[in-house]
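Pulled from Swiss-Prot:
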- 12-210: domain 'Lon N-terminal' (DOMAIN)
- 362, 363, 364, 365, 366, 367, 368, 369: ATP binding site (BINDING)
- 599-780: domain 'Lon proteolytic' (DOMAIN)
- 686: active site (ACT_SITE)
- 729: active site (ACT_SITE)
């Protein structure tokens, strides 16, 4: 029945409203703050004070496009405009008539549209339709009257003015403006241009609202009957308040309790949790304000309501941007970055995915802690760091029970409270440094925290109610897995963060450390210039580490001296530091890189070892002396290493015939095995083949090439078994100038971790038996190393 409407075109400014809708003849005031709306309002005031108002589909959109708002709205006249503080304007408008957007364009920073004004024309109705509409109008009027009588929400006086309205469209709009409507219902009424359907729509909404009001009334009556006891309690509480006031007790416990009850309504928590909190509030309301228990109860409730029960940050699921952020902050660490990007990809597909629990293991200074900060930034999550180094008390994790004086929640709950979100990135730093004592074992408490199946109902001893930790992304760091209990390690996905090679350190120094230190020392960008050769010299002669922490401090030392020089001479434009200048800035070389012996040696073999700060080369020296068959082991060797040496000698006794060794050598000779740097403790089985080869070399007087190193455990039958830390050991061999390394065949997969530029400069020989080691490394007497 759109033919019963007159249509007139207007060109008007358009304002999209957020969460509001206006009907013709309705007066409404609202605040405008967006620039696009302010410009449209200014234009309307310059024209005929007419403006077109329509509703946004989604109120959250700050910069709407044409597709973000409805195309049917209301032409309005601006009645009043008041400027408020902070670039906000309060506007009073009156609806004139409905309109529909025919054409829209955005010019000069606001929307301008051709609006088709649509006005109902009752003259075109036939007599039958008029009768039907009149019947509808009466039904709607009666329903609206019943709505007013039941609800007591609208003044009955409106019925008088409604009875005088002859325009059916205005009749509908007036009712719509005075009843409770959802946003979708308001828009549906605005967009309906069939007068009969429009009457049907408002009538059905009124009947539905009447049914709801009747049910509300029943509920209200039922509740009032149950209120007698509550009113009695309220009366007694009011009397108690008066008594407390007379006694000078100013704190109004009950008003605080009421505030807590209001807060309880707003949190999203399981029913049992809310019931427990409600009991605590009731208990709090009955405590005298003079009682010492009141502060304990208040602190507990404040802690509960300060937790982010409902708050959660929205993840940025843009893999490309996340990769850019991770690459921007860190060089290398590809395994860690790849795992986070995989998690992001799966989160994009499965929104309910639980966060992985990752353990980053590697030497100090390799970027484990800082990469976790970058992970939080890439995911758009809050970051919380908890250091577990030296933690001995289980209560540090789970909190103290409230029976103790001064009890507080554990570090987990405090971290969540600090983050004010249910899904931060949580870093447990130095998880391998926890220890147990008589107060409990914190590692056992961590079992629940780091178990995705259990941590959704984590119970802190202080709170004594479950709190969901399942949406947190937990990352732990450690220098060694050896000190982490097996059940705890089993819950984590271990990613090894290896030490950096020289080339990686060079890139990190150039791209990250030097610019960072220049900025921290308030120097101009590129004020200090250090070439690659000089940086390599700093790396090799002033630091000895798997990470880059000492390297950063060393560069910082240079920056301090340059800053002093600049203050003394402000005319300096830049400072260029060459290799020859290092002694001036840093002093004499701190480390002389002990490159491998060039010439073959008898009884001297290069071994490889792994430490918590990375791989190192280890010289094994053997002397065979006339004696009584004693085996002397020096160099502060551990029990496993001593047993490994004895295993090697037993193996040698089984092969004396192959090398023309005196079968009684172990009776007539003392064998002295020494590993230099005697103050440093050494242990483990990985020097087994190294010690065995050194003893054979000393017994046979056959040299071993100085450019060869090796690692591997030996058995009594001469088999070579796998060892750990292969990547770190091979990088240490590369730093020492070794060109050939023997490793167990079982460790072949570890070669995939070795950078290509290292592989190009070194030869890796995979061995399964000691025979292969002897063939590769034992020269004939007087033979020189051909390599």
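Glycine residues also receive a Cβ, built from the backbone N, Cα and C atoms like all the rest.
Note that the structure is predicted; figures quoted are calculated from it, not measured.
Positions of Swiss-Prot features highlighted on the structure.
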residue	record	DSSP (3 states)
362	ATP binding site	coil
367	ATP binding site	coil
686	active site	coil
729	active site	helix
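In sequence order, 333, 497, 498, 499, 500, 546, 547, 548 make up the list of same-chain residues 6 or more apart from residue 366 (ATP binding site) whose Cβ falls under 8 Å from its Cβ. In sequence order, 368, 479, 496, 497, 498, 499, 546 make up the list of same-chain residues 6 or more apart from residue 362 (ATP binding site) whose Cβ falls under 8 Å from its Cβ. Sequence-distant contacts of residue 729 (active site), defined as residues of its own chain at least six apart whose C-beta falls under 8 angstroms from its C-beta, comprise 608, 609, 610, 615, 686, 711. Summary of the ATP site environment: with the site residues 362, 363, 364, 365, 366, 367, 368, 369 set aside, the chain residues having Cβ atoms within 8 Å of the Cβ mean position are 360, 477, 479, 497, 546, 547, 549. Summary: among the recorded positions (369, 686), the fewest other C-beta atoms within 10 A of the C-beta are counted at 369.
All protein chains included, residue 364 (ATP binding site) registers 19 other Cβ atoms within 10 Å of its own Cβ. Per-residue confidence over the domain 'Lon N-terminal' (12-210) averages out at a pLDDT of 86. All protein chains shown were included, and the count of other CB atoms within 10 Å of the CB of residue 363 (ATP binding site) stands at 23.
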